[in-house]
Amino acid sequence: MGDTIFALSTAFSKSGIAVIRISGPNSLKVLEHFSIRKEIKPRVATFAKLYDKDHQLIDEGIILHFPAPNSFTGEDIIELQLHGSKVVIKTVLEELSKIFVMAKPGEFSLRAFLNNKLSLTAAEGLADLIDAETKVQAKQALRQMSGELDALYQEWRQKLVNLQSNVEAYIDFPEDIEDSVLRELSKEIQNLISSLKNHLNDERKGERLREGLHVVIIGEPNVGKSTLFNCLAKRDIAITSQYAGTTRDVLEAHVDIGGYPIIISDTAGIRSSSDPIECEGIARAKKRASAADIRIALFDKINNLNCETLSLVDEQTICIISKADSQDSNFLPINGMNFLPISVHKNKGINRLIELIKDKAQAMLTCNDGPVITRQRHRNCVQKALEYLLIFDNKKPIELISEDLRLATRELGKIVGAIGADEILDSIFSKFCLGK
Ligand SMILES: Nc1nc2c(c(=O)[nH]1)N(C=O)[C@@H](CNc1ccc(C(=O)N[C@@H](CCC(=O)O)C(=O)O)cc1)CN2
Ligand SMILES: Nc1nc2c(ncn2[C@@H]2O[C@H](COP(=O)(O)OP(=O)(O)OP(=O)(O)O)[C@@H](O)[C@H]2O)c(=O)[nH]1
Ligand SMILES: [K+]
Ligand SMILES: [Mg+2]
């Protein structure tokens, strides 16, 4: 630590206001550097002018001082709230680099974590909030920022620490340990095992919510896939035409459906083809279809349903009759399946389709109880902790029992940052954005 760092915390683009943050023991030096003469009172917004060494005005702005330890990072912070002009931003950053060090991505949050201002999972939640594209994603991030997930893992970890210290009391006198103590220990461990298993058995809902749900549109050529794709994306992304075989590459759009993050893909029409490029497109379409969470299968002929598309239909597939321009959008039961007629051209059934996607997303992404795993990192650690608990056997020598408990504790410690190996912190914070 030690260094005083700075970064632009807002986006580098033309904007109303730009915020530059400076954090570290020497941050107040910035006042002298820009010849700011006004007294800057702690935590009070002060209007001031910034000058360069030749007494030329750079900009006028608002200065904030958050004295340590009562700041976001826990260090002395100065904020320069300037006009969002690229020239102003560039000039000020250039000046700051003469006296301070440019912050690395996530370095402010890393310092906040190291100064106990943020738990590790709360810092991850903060990064998720910034990355969130929909309300439900933001809600999950805010829950994690509030410390729920941290509290859960800390509670489990503390239980393990207590159990381990109970066991260790007997290490030098293993013959003194009574059966009732071992039975109690077994019981506690079985309880933890079932809590951890429960927590892991979540169908990756939290992670999927963070990443977005993959929905793919499939069907034979010319059924109107790209037309529907553009309609759902509310943008003219894909080329549509009357010629079968128009789409070759998989196209993607991020859309917000009822607060749920959906990554929707348009694909090449599936048919047998001798054109090698079209064949590659079809192979990609099939691959994407099987990897997706939800499929939307389009058929434009009720009486002659395309077999190859039908073979890709499963529980998580929404079956659509497309180009149903003169039809009501009520489900049609065909061969024991329900087909929703839609028409993009006549705007029929589209809202119903959106509702269907939303319902499926809700079912796949909503966890009812307790804080959830939101990253693979959490899952890996909980899984490993579980594995150490599963090999618990109260007939083992006490030293071995104690060692397994220690290793399980360590895995939970990694999630909450109690085991703060540099490489763990590096891999987490380096993915944050600059200035955060
Ligand atoms: N201008 C500005 N807006 C911002 C931030 C910022 O750094 N600057 N934030 C940056 O992420 C977020 C707010 N987060 C913050 C977190 C803690 C403190 C802070 O001063 N904490 C003190 C006092 C807490 C209190 O008064 O309750 C502390 O923790 O001791 C400030 C902002 C969003 N908005
Ligand atoms: N009448 C009518 N025509 C439609 C509708 N949706 C799409 N079409 C027409 O169907 C034709 C094919 O549409 P596309 O969206 O290119 O079909 P596609 O499934 O993406 O085709 P490929 O990419 O070639 O597989 C175009 O002429 C569209 O205008 C609709 O709701 N009603
Ligand atoms: K087409
Ligand atoms: Mg197409």
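Every residue, even glycine, has its Cβ placed from backbone N, Cα and C.
If you check TrEMBL, you get these features:
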type    : residues                     : note
BINDING : Arg21, Glu79, Lys117, Lys436 : (6S)-5-formyl-5,6,7,8-tetrahydrofolate binding site
BINDING : 222-227, 241-247, 266-269    : GTP binding site
BINDING : Ser226, Thr247               : Mg(2+) binding site
DOMAIN  : 212-362                      : domain 'TrmE-type G'
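Ligand 4 lies under 6 Å from the Cβ of Lys225, Thr247, out of the binding-site residues Arg21, Lys225, Thr247. In the vicinity of ligand 3, defined as a Cβ distance under 6 Å, the following of the binding-site residues Asn222, Lys225, Ser241 are placed: Asn222, Ser241.
Candidate binding-site residues: Arg21, Lys117, Lys225, Ser226, Ser241, Lys436. Those with a Cβ under 6 Å from ligand 2, in sequence order, are Lys225, Ser226, Ser241. Once Cβ contacts within 10 Å are tallied over all protein chains shown, the binding-site residues Lys117, Lys225, Lys436 are led by Lys225. In this structure the alpha carbons, written CA, of Arg21 ((6S)-5-formyl-5,6,7,8-tetrahydrofolate binding site) and Ala244 (GTP binding site) are 55 Å apart. For the (6S)-5-formyl-5,6,7,8-tetrahydrofolate site, whose binding residues are given in the record as Arg21, Glu79, Lys117, Lys436, the maximum C-alpha distance rounds to 18 Å.
On a Cα basis, Lys436 ((6S)-5-formyl-5,6,7,8-tetrahydrofolate binding site) lies 47 Å away from Asn222 (GTP binding site). Here the domain 'TrmE-type G' (212-362) has a mean pLDDT of 96 out of 100.
Of the listed binding-site residues Asn222, Ser226, Ser241, Thr247, the Cβ environment within 10 Å is emptiest of other Cβ atoms at Ser241. It is 48 Å from the Cα atom of Ser226 (Mg(2+) binding site) to that of Glu79 ((6S)-5-formyl-5,6,7,8-tetrahydrofolate binding site).
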